[in-house]
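Trainee: Okay, handing you the structure first.
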């Protein structure tokens, strides 16, 4: 990615690593209710559907209808169920997949400043897969907390640590890594589309002198990246969410989950929750990339001031 100006000094790998994780956490704080609504819509119709405190399954309709229903039935706090696991995920996940992207891209280009589309795609796939290897348990927890109804006494998990213990006890160590295959696939796709699209749009805007390396450029690039990513990654995202939230033995594999979805509900099932996915991913990208660019600038400026003698 083209660096943000901080006295024309490029940000270090450490600055990118810390900045990416911090920016992703800030983006999650703003967009978590949209992500929760997306998860509820994606799993609607599963065997363990959300229930309205014993009065039958809750029906979710649309993004804001889902949010409204959750607030009415479960209270406002339900929109942030799983936030702790979500923030744990972003600090370990985004730091790797976004923060190390430029370093891995330079590795593939052998230090050259001219990166082709192939090296960008390879860098995106690599850091996306690496991030899943590090952060998968936190992703499993986040999805399960978002899927469970907060009202009533039938909650699967009561706290983040309780969830880690319960999953490890009932499902074994493998339970914490459930859905790793589809998640690696999803995040390789997401990372390639998201980072490479942002990279290319930003490069094009700067090289054509349509915009300068500032907030409007970052906003436009991030919004475009979010839209492209949602279209390409939605099918894998739905399979990942359903499989990670499924009861033990419900699906034999992620592929079995995908086949069951296709045979029972048709191709449209793979784009279930598309609008909340786009609203969430589009807004998340805007907040994250804008914050990330600002953090890189601020951290490099602070670093320069620290090393500048008075």
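The backbone N, Cα and C atoms fix where each Cβ goes, and this holds for glycine too.
On a predicted model such as this, the values are computed, not experimentally measured, just so you know.
Not my notes, these are from Swiss-Prot:
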- 1-10: topological domain 'Mitochondrial intermembrane' (TOPO_DOM)
- 11-32: transmembrane segment (TRANSMEM)
- 11-107: repeat 'Solcar 1' (REPEAT)
- 33-78: topological domain 'Mitochondrial matrix' (TOPO_DOM)
- 79-101: transmembrane segment (TRANSMEM)
- 102-120: topological domain 'Mitochondrial intermembrane' (TOPO_DOM)
- 115-204: repeat 'Solcar 2' (REPEAT)
- 121-137: transmembrane segment (TRANSMEM)
- 138-181: topological domain 'Mitochondrial matrix' (TOPO_DOM)
- 182-198: transmembrane segment (TRANSMEM)
- 199-215: topological domain 'Mitochondrial intermembrane' (TOPO_DOM)
- 213-298: repeat 'Solcar 3' (REPEAT)
- 216-235: transmembrane segment (TRANSMEM)
- 236-269: topological domain 'Mitochondrial matrix' (TOPO_DOM)
- 270-292: transmembrane segment (TRANSMEM)
- 277-299: region 'Purine nucleotide binding' (REGION)
- 293-310: topological domain 'Mitochondrial intermembrane' (TOPO_DOM)
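Help me picture these features in the structure, burial and contacts included.
Mentor: Through the fold, the transmembrane segment (11-32) approaches residues 3-4, 79-80, 83, 86-87, 90-100, 102-103, 280, 283-285, 287-289, 291-292, 295-296, 299-300, 303 of its own chain, all at least 6 residues removed from its boundaries and within a Cβ separation under 8 Å.
Averaged across the topological domain 'Mitochondrial matrix' (33-78), pLDDT for the predicted model comes to 77.
Listed by sequence, the residues of this chain that lie at least six past the ends of the topological domain 'Mitochondrial intermembrane' (102-120) yet keep a Cβ under 8 A from its Cβ atoms are 1, 13, 16, 126-127, 192, 195-196, 199-200.
Long-range Cβ contacts of the transmembrane segment (121-137) within its own chain (Cβ-Cβ under 8 Å, at least 6 residues beyond either end) map to 88-89, 92-94, 96-98, 100-102, 104-105, 107-108, 115, 164, 176-177, 179-180, 183-184, 187-196.
Across the topological domain 'Mitochondrial matrix' (138-181), the DSSP tally of helix, strand and coil residues reads 29 helix, 0 strand, 15 coil.
Helix first, then strand, then coil: DSSP counts for the topological domain 'Mitochondrial matrix' (236-269) stand at 25 helix, 0 strand, 9 coil.
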Trainee: List, by number or range, the same-chain residues at least 6 past the topological domain 'Mitochondrial matrix' (138-181) whose CB is under 8 A from its CB atoms?
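Mentor: Same-chain contacts beyond the ends: 35-36, 39-40, 43, 48, 50-54, 58, 73-75, 77-78, 81-82, 84-86, 88-89, 92-93, 132, 240-241, 243-245, 248, 253-254.
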Trainee: What residues in the same chain, six or more past the boundaries of the topological domain 'Mitochondrial matrix' (236-269), come closer than 8 Å to it by Cβ-Cβ distance?
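Mentor: Long-range Cβ neighbours of the topological domain 'Mitochondrial matrix' (236-269): 39, 42-43, 45-48, 139-140, 143-144, 147, 170-171, 175, 178-179, 181-183, 185-186, 189-190, 277.
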